[in-house]
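Record features (Swiss-Prot):
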- Asp89: active site, proton acceptor (ACT_SITE)
- Asp262: active site, nucleophile (ACT_SITE)
- Asp89, Ser90, Gly91, Gly92, Phe93, Asp143, Gln185, Gly212: substrate binding site (BINDING)
- Cys300, Cys302, Cys305, His331: Zn(2+) binding site (BINDING)
- 243-249: region 'RNA binding' (REGION)
- 267-271: region 'RNA binding' (REGION)
Amino acid sequence: MSFEKLGEDGKARRGRLTFPRGVVETPAFMPVGTYGTVKGMLPRDIEEIGAHIILGNTFHLMLRPGTEVVKAHGDLHDFTQWQGPILTDSGGFQVFSLGEMRKITEQGVTFRSPVDGSKVELSPEIAIQVQRDLGSDIVMIFDECTPYPATEKQAKESMELSLRWAERSKRAHEGNPAALFGIVQGGMYESLRDQSLEGLEKIGFDGYAIGGLSVGEPKEDMIRILDHLPPKMPEDKPRYLMGVGRPEDIVEAVRRGVDMFDCVMPTRNARNGYLFTSAGIVKIRNAKNRHDTGPLDERCDCYTCKHFSKSYLHHLDKCGEMLGSQLNTIHNLRFYQNLMSGLRGAIEAGTLSDFVSEFYALRGETVPPLGDS
């Protein structure tokens, strides 16, 4: 993988990731295909909505179907028939989500499989090997996602453990041509974030991710870390904000210099009839949509908006028809890709401020201030 920075507007960056399997323009949003599928989407649908990279999950794919099944097809690309680049999360966040069901030691984590209750071990070496077996194009180190809230002492111990695991991840990755990304931890403490970043840079990675955000903290804390951290991250490497996915949060992170994003929000919300539009959220199951013959979003060029009315989408939702979830997902993911395309174009043209102003004005909101970092 190579990363080329093509332009800037303020702190925002316009870039390009080049892989043997394809090119990804940044800022980029990666649809999440946890089990090897972006729910409700065929691979050709993902291409048509404009995504060029997707995310898979090491934790879930390791448990089901297992790497031996995937490897029998070749790799995850062959198994899923998605031939573009794939980033795989190492499983650290999913282990964090298990709460009291898991035990963390210096070696790694042991837990009971949510699939069949069997005892499972996950360590830096295992996580990296699983991602090698999957044929990931971007491999994530195995880390501990610092919980919120955490005292400074707890956050420091967690961050230092993640740094030790980062070294082991780097060693385990040797000989794999795929990119390897480090993950900055440290909770809500700027000084710990700095220590984590410094330690990761000494080890050396192909890209750097910001982990441990969108884990329950107030939005002002997330913005405070985003004001502080991205400007300190390597200029010549991609910056990836993990699991943060509200459109406004993506806009604010891009303004602060972040390049890559993923979140289940557009797909999960689509299945629940919670749709993103240029004017804000549309809850399609609300009664007011029953007789609305207009499109979901007049500014959207997706298949759903070009062919179907809000009334029809409301009808599908009320009937529990699977087509409703599919059409909603196509729209939400296309909305996100259009947002990223708009951000890229604005950075190129030096008009990001105007783009951001219009983004908030259409929602009836004012532009939040940028920090001074």
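Even glycines carry a Cβ here, placed using N, Cα and C.
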Checklist entry - What is the interatomic distance between the Cα atoms of Gly91 (substrate binding site) and the residue listed as 'active site, nucleophile', given in whole Å? => result 14
Checklist entry - Do any residues of this chain, six or more beyond the ends of the region 'RNA binding' (267-271), have a C-beta under 8 angstroms from a C-beta of it, and if so which? => result 31-32, 38-41, 325, 328-329, 331-333
Checklist outcome for this item: Simplified to three states, DSSP reports Phe93 (substrate binding site) as helix
Next on the checklist: For the substrate binding site, please report the maximum Cα-Cα distance among Asp89, Ser90, Gly91, Gly92, Phe93, Asp143, Gln185, Gly212 in Å.
Outcome noted: 15
Checklist outcome for this item: Per DSSP (three-state), the residue listed as 'active site, nucleophile' is strand
Checklist entry - For the recorded positions Asp89, Asp143, Asp262, which one has its C-beta crowded by the most other C-beta atoms within 10 angstroms? => result Asp143
Checklist entry - Which ones in the same chain are close to Cys305 (Zn(2+) binding site), with CB under 8 Å and 6+ residues apart in sequence? => result Pro295, Leu296, Asp297, Glu298, His331
Checklist entry - Looking at the recorded positions Asp89, Asp262, Cys300, Cys302, whose Cα is closest in space to that of Gln185 (substrate binding site)? => result Asp89
